Amino acid sequence: MHIKAIFDVKCTTESKDVTSTGPTLFSLKNLTLSNLPNLKNVWNEDPDGILRMHHLEEVHVENCKCLRSVFPASITKDVVELKNLEVEDCEELMTIVAENSSADPRGTNQELSCPWVRSFKLKGLPMFKYFYYYSLQCHNFAHLESHTENQVGTEKLKWLSLGNNGVDMILHGEFERNFLENLKCLTLCLFSDAFGYEILEPVPNIEKLVVRGGSSKEMFCCQSANDSGLLLRLKELRLESLEELVSIGLENSWTEPFVRNLETFEVISCSSLKNLVTCRVSFSNVICLKVENCDSLSYLFTSSTAKSLVKLQRMEIEKCKSIEEIVSEEREESNEDQIIFPKINCLSLKYLKNLQRFYKGSLSFPLLEELSISECDKMVTLCPGTLEASKLSQVIPLEIDLSSTLWEEFMSKIGWRSSVEFKDRADLNEIWRFTLQIRDFCFSNLETLVVDGCQLLSYVIPFGVLPLLPELQTLEVRNCDSVKTIFDVKCSQDTFTFPLKKLVLLKLPNFETVWNEDYAEIVTEPNPADPEQTNPKLITPNLEHLTVGEDELKMIANGKFQRNLLHKIKVLGLCFDIECDEFPQYGFLTPLPNVIKLVVCDSSFKVIFWDQRPNNSEFLLQLKELRMESLQELVSIGLENSWTEPFVRNLETFEVIKCSNLKNLITCRVSFSNLICLKVENCDSLSYLFISSTAKSLAKLEKMEIEKCESIEEIVSKEGEESGEDEIIFPKLNCLSLQYLKNLRRFYKGSLSFPLLEELSIRDCDNMVSLCPGTLEASKLSQVKLEGSNTTLKTDLNSTMKKEFLEKISELDEVDLQSGPTQQEIWNGSLHIPGLCFSELTKLTVNDPRFLSDAVLPFHLLPLLPRLKTLEVGNSDYVKTIFDVKCTTKDTSITFPLKKLVLSKLPNLENVWNEDPHRILCMQHLEEIHVKECKGLKSVFPASAAKSLVGLEDLVVEDCEGLMAIVADESKEGDELDENAIMFPRLSYLKVESCNSLPYLFTSSTAKGLAELKTMKIKECKVIEEIVSKEGKESDEDEEIIFKQLQDLYLENLDELGCFYSGNLTLSFPSLEEVFVIKCSSMKTFSAVNKINHPTKWYCSEYERPQKESDLNSAVLKTSAKKVVINKKQFFTASHDDYD
């Protein structure tokens, strides 16, 4: 928003006679100002009694970066009802109440009386100097929250909240001691990496301490404090949002006195904290404990600390994702060891996804009345030992004891699911045992069971549980170090037919067998021909899918896996560790003769099928499907090797997913004569799929899906000297999907035929105008899905696609133009586009346009952009000019609608216009120009362009090392230019920074036209000698250069600046309010003659208070003299030090 003031009182103060009419009384009570980046004043002039705000109670100001002060000076008489004031994140705010520019600083002090103020909050004010330049009286003030420096005095302070600067104020004694004596609550919002307990010494009576924010790693350090009597009255301790905190330090001996008195202990959002305490600590008076969002905690206390919580009444533990138990055992405690919480009446455990138990022994809660457990999916019961909660059963009637109730609740939650995962559990055997004890319990819907990281297991599923899994189709067992067998059938004499279809075994280093029974007694299907020969205990007639890792695959290769099980496997998955980069020897495939689908995933293999023929290549002869997935290091599949030809020829489905380094599916011609389905997805290094000879072998291909391959430019690449007439026919293809292929230009460079194509879907292939440049036949296709919408084919497919492409461009109001082949064709004029193609485009971003050899906007494109308002060009070493007007005849004239031009990081940009446009290209609507990091740019405007920019309001030029002029030398222009034309008549904001070849800013004739300029900032330009340069003979001393609207003038770090203007003309500044002349060491005078109508604030340092000046030359002299005094002091100090 462009709001610069809230209350307009400027015209009123000039005309209204308060003595005759009286003040205007405003009933406003609440004023909130938020996100106003251009707001400079709340009142655009001090109302001085004309507008009174006696009822104002609340003021909130946030994110107003240009605001210097909140209230004008006369408001001191009005804020008698003010109760709360909050000012946050205002970068340039220096004071709450502005100085009275008309008051004599030696006069009587005017107190700011705020008798009802209860709260101040000052935060994120890096330039803040003081609250009020006189004194502040607030008799009922009880809460100060300050995160910056301040000069606030209070008499009855009860609650103090401070940031780093406020802490420094206390340590340096800037708060009077009696102000802190009655303090009950202290909040420290810290941003440093160390917490010093020195801050606690001046506040001996605080009862509540809150520490939030900052990067402290330790709160109460181990070394003894100077005064062991710190915090003796502390009742509450809250630690919040201390993301780097790893130790609180409450186990240190000097903290014992105040820890013993604590009644409330809260730890919130301390994500690096691993322990509340590292050894036994007595919390003998703690009543309330709350821990929330502490993701590194694995437990809260050891058992000895927990036993000290004899007065604890309320415990809330929430959202700690790593916590596994609340109380951790010490040494070898047994299930009989009991912890009693005699006073606890409320226990809440919520969103603790890894919590497995409260304590490993026994628990007693004699007064517990409220128990809330939510989203603790891994916790079966509070403890494996006895659990006593006698009063809870009186409040909430329980049919059985609490422990059994929790068990049944856990089982009921998982009993109806179709998929269950047991992860990192040490009690899986207990779960199976309890499952068998529940009458009529059954996992009736369970189809997928995952057992991951469960230790202390020698087997996964006992035989007795198998009948409770009647629908189980998939079993996955991974990361279980102690597992030796999957099914424990050794102790059973019964036979059971199990419906399992898929078995996944990964990272089981001690795995020995699927069933722990003699191989001779295990069969995978009934043998009715000879039933007496076998005694089967577990029959799995449907098991056809096996996925294994490296260790399990070695068992197969070494013949230690049940061979009769392998014989029936039809789907084989290989999923190895990410570190394994060599595909195993192919011998493991020999005992798997019936595999029809091979899946290789989640590995770092570089090659799958090596070019060297194995000793026995008679395998995979039944293979129909091949899937490669998540092989990030894969560079070659190897299907072009001669020994793979037998099974490649039989492939019907080929899928390659997430193989980001794969550059080719195949490197030469391969015949996929039986391939029916092809899917390629997320393979970002592929530039094409096949060469044309391989594509011609896809005679049976019916479905092709290519998605999210960001580098692919064409599906089929030409071979040799193929012409545009060469045709590829896909005789059976009926479904083609091309989606999210941002660099795809075409399917094939020749001609294409799809006689059976019925489904075509193309989405987010922004560079593809048509499938091929030659002929395209798809006679059976009646409609195509483009960008998710069905489009009926009224003409041929190529014409429909091109029309859709151009319509899509014509509807865009914003385009981010990057290096793409289609953009190159448009910009170079080789792709014909209709006149209204970009008719709705309002913003064009040109980012890293490598296809541009010179100009960003060729002249032939300008008429196609009738609504372009914003042009942003950046990050290119190729761009030399923005607007190409060189080859245009002077009879041509275009008025361009551009309003904002942004140029950044264009090191080789030579000019904005590559020739003076001479009214060929008129930009009278241009309002903003931002130029940054264009080191080759010599000038921003040619003279004729500058004179045509009648609407320019903001001009910012930064980090342009080679810039020598804002406006190019006017003497080179022809007579046709209007010498009296005013340049930049509406310019209001000007900033020039770090332009180290610029000798001056404007000539005096240009400066005369800057009637609307309000802010001028010139910073860090090393060679600039003057801001306005004298032009020729300026003998008429009565002539003036009037900066009518200039309010703020910044001159900073200009080492060679000698003056603002060296000519004889008078400079007039009727509206000037603030002048910053900082680190301009060569400046001796401002100008020969200058006029200002009222005292102006003069800043000669970033941190000092301004001086009131009525003569700018005098101000320069004072500043220079002050620097001499400072330099002398420094010299003598240094000399004295040397002498010592």
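Cβ from N, Cα, C; glycine included.
Now, the feature entries from TrEMBL:
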DOMAIN    3-91  domain 'Disease resistance protein At4g27190-like leucine-rich repeats'
DOMAIN    160-280  domain 'Disease resistance protein At4g27190-like leucine-rich repeats'
DOMAIN    282-400  domain 'Disease resistance protein At4g27190-like leucine-rich repeats'
DOMAIN    423-524  domain 'Disease resistance protein At4g27190-like leucine-rich repeats'
DOMAIN    671-776  domain 'Disease resistance protein At4g27190-like leucine-rich repeats'
DOMAIN    812-961  domain 'Disease resistance protein At4g27190-like leucine-rich repeats'
DOMAIN    976-1085  domain 'Disease resistance protein At4g27190-like leucine-rich repeats'
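When each of 3-91, 282-400, 671-776, 976-1085 is scored by its Cβ pairs under 8 Å to the domain 'Disease resistance protein At4g27190-like leucine-rich repeats' (423-524), the top-ranked stretch turns out to be 282-400. DSSP labels the residues of the domain 'Disease resistance protein At4g27190-like leucine-rich repeats' (282-400) in these numbers: 10 helix, 34 strand, 75 coil. When the domain 'Disease resistance protein At4g27190-like leucine-rich repeats' (3-91) is classified with DSSP, helix, strand and coil residues number 18 helix, 28 strand, 43 coil. Across the domain 'Disease resistance protein At4g27190-like leucine-rich repeats' (976-1085), DSSP assigns 4 helix, 36 strand, 70 coil. For the domain 'Disease resistance protein At4g27190-like leucine-rich repeats' (423-524), the number of residues in each DSSP class (helix H, G, I; strand E, B; coil) is 19 helix, 29 strand, 54 coil. The average pLDDT computed for the domain 'Disease resistance protein At4g27190-like leucine-rich repeats' (160-280) is 80.
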